[in-house]
Amino acid sequence: MKQESSFLAKLANGSLVLQILVGIIAGVALASFSHEWAKQVAFLGSLFVGALKAIAPILVFILVASSIANQKKNTQTNMRPIVVLYLLGTFAAALTAVILSMMFPTTLVLAAGVEGTSPPQGISEVISTLLFKLVDNPVNALMTGNYIGILAWGVGLGLALHHSSDSTKQVFADVSHGISQMVHFIIRLAPIGIFGLVAATFAETGFAAIAGYAQLLAVLLGAMAFIALIINPLIVYVKIKRNPYPLVIRCLRESGMTAFFTRSSAANIPVNMALCEKLKLHEDTYAVSIPLGATINMGGAAITITVLTLAAAHTLGIQVDLLTALLLSVVAAISACGASGVAGGSLLLIPLACSLFGISNDVAMQVVAVGFIIGVIQDAAETALNSSTDVIFTAAACEAAENKAKLG
C-alpha cells in the first residue's frame, strides 16, 4: 500500500512536460496500431478540454475581481506596456506573414465553399461584436465563455469591492485560491487528456488530407516559428535587456505545448495562470493580462489571415503592391484582435481581408474551406503561438518594471 501511494506521489510531483511527451508518443503509437481503439480514447481528450473550458470563465472572473478588490493603493499593474506589446506583436506577425508570402508565393486548389457560415461584413461589424460582448449579461458571459464580458464585469466588481471590509476581500481571496487549486488538479491530468487528443487526431485525420497543402503549411508554420523564435525574443530583449530565450523556451514548452493540443486559447487560460504563478509574476497584473491576451493578442491569427488572403490573391493572379500589402498587415492585425469575437475565429475573417483585393465572397469562402482542411495543424500552431506569447509579454513587462523600480 505504501509503495502504491509512493508511486502516486511520484506521478503527481513528476515533470509534467515529460509526462505530456509520454502521452503524445503513446497516442501516436495507439493510432498507428489501431484506429478503432484510438477513437475509443478520444473522450479522454474531450473531457480534459471540457474541464479546462469549464473552470476558465469562473477562474478569470473571481481572480480579476479578487486581485482588484485586494489591490493595495499605488500598486503598479503594468497593463499599458503589456497591451502595447500585444498590439506590436500582432502587427509584427502580420508583417512577417506578408514578407514570407511575397518571398514564397503560394497558389491554392480551391475547394467548395463552407456552408452555414456568415463572415463579418467589415471592420465595423467586428468592433460592434466586441462592444456588445463587453456589455453582455454577466451570467451569460460566464456560461458562454465570453472573456471580454467576464473581464468587464470582473473589473467592475473588483472596483466596487475595493472599499469593502477586509473580511469581504478575504472571502474573495480564499475563493480565488480554492479555484486555483482546482486548476492545478486539472492541469495534472494533461498527459491523459493529450494522449486522447493525439490518438483521436491521428486516427480521424492523419496527414494524408493535408499533404497537398505542403507549401501553404510551410509558409504558415515558417512565419509562426519566425515570430516565436526570432521576433518575440527580440521584443523581450529590448524590454528586459538580457538573454530572452530561457523565458521564451519555457513559455513555449509549458504553455505552447498544451495549447497546441487543446487548440483553445480559452482552455489554456488556467495553464497560463499557473505558469505566471510559477514565474512569480504580480497576480494583479497576470489576472487581467492573461484573459485579455486570449482576446486581443492574436499574432497567430494575423499570420493565418494574411497568408491565406495573399495565397488567394496569387491564385487569381492579382498583383499586390507594397502599399496594399502594408494595408493588409494593418487590417489583419486589427481583425485578428477581434478574432475571439467571431464564431470560427481567424478563418472567418479571411473574407474581410480578401475584400481589400476585390476578391468575391464566394472565392473567399473557398479559401476558408482550405483553412478548415489544414486546420488540424494551422489551428494548433496558431493557438500555441497566441497563448504562449501572452505569458512571454506579461513576464517581460513585469521584469522590465521591476528593473526600472530598482534603478529608480
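The chain as shown is numbered from 1 upward.
Heads up, the Cβ atoms here are built off N, Cα and C, so glycines get one too.
The transmembrane segment annotation in Swiss-Prot covers 11-31 (among others).
Taken from Swiss-Prot, the feature transmembrane segment covers 43-63 (among others). Counting same-chain residues at least six beyond the ends of the transmembrane segment (43-63), those with a Cβ under 8 angstroms from any Cβ of the stretch are 141-143, 145, 147, 150-151, 153-154, 157, 172, 175-176, 179-180, 182-183, 186, 189-190, 192-200, 261-262, 264, 266-271, 273, 283, 287, 290-291.
Taken from Swiss-Prot, the feature transmembrane segment applies to 82-102 (among others), supported by sequence analysis.
Taken from Swiss-Prot, the feature transmembrane segment covers 141-161 (among others), and the record attributes it to sequence analysis. The list of residues near the transmembrane segment (141-161) in space but at least 6 beyond its ends in sequence, with Cβ under 8 angstroms from a Cβ of it, reads 53, 56-58, 60-69, 71, 130, 133-135, 168-169, 172, 266, 269, 288, 291-292, 294-295, 340-341.
Annotated transmembrane segment per Swiss-Prot: 192-212 (among others), in sequence order.
Look at Swiss-Prot and you will find 216-236 (among others) tagged as transmembrane segment, backed by sequence analysis.
Within its own chain, the transmembrane segment (290-310) has Cβ neighbours under 8 Å at 60, 64, 82-83, 86-87, 89-94, 96-98, 100-102, 105-106, 147-148, 150-151, 216, 219-220, 223-224, 227, 265-266, 268-269, 272-273, 276, 320, 325, 328-329, 332-333, 335-337, 339-341, 345-347, 349-350, 353-354, 356-357, 359, 367, 370-371, 378, 381-387, 389-391, 393-394, counting only residues six or more beyond its boundaries. Annotation source Swiss-Prot lists transmembrane segment at 290-310 (among others), citing sequence analysis.
Taken from Swiss-Prot, the feature transmembrane segment covers 316-336 (among others), and the record attributes it to sequence analysis.
Per Swiss-Prot, the feature transmembrane segment maps to 363-383 (among others); the stated evidence is sequence analysis.
Outside the transmembrane segment (82-102), and at least 6 residues removed from its termini, the chain residues within Cβ reach (under 8 Å) are 219, 222-224, 226-227, 231-232, 235, 239, 285, 289, 292-293, 296-300, 302-303, 305-307, 310-311, 314, 320, 325-326, 328-330, 332-333, 336-337, 385, 389-390, 393-394, 396-397. Beyond the transmembrane segment (216-236), the same-chain residues lying 6 or more positions past its ends with a Cβ under 8 Å from any Cβ of the stretch are 85, 88-89, 92-93, 96-97, 100-101, 104, 106, 108, 210, 244-245, 247-248, 252, 256, 299-300, 303-304, 307-308, 311, 370, 374, 377-378, 381-382, 385, 388-389, 392-393, 396.
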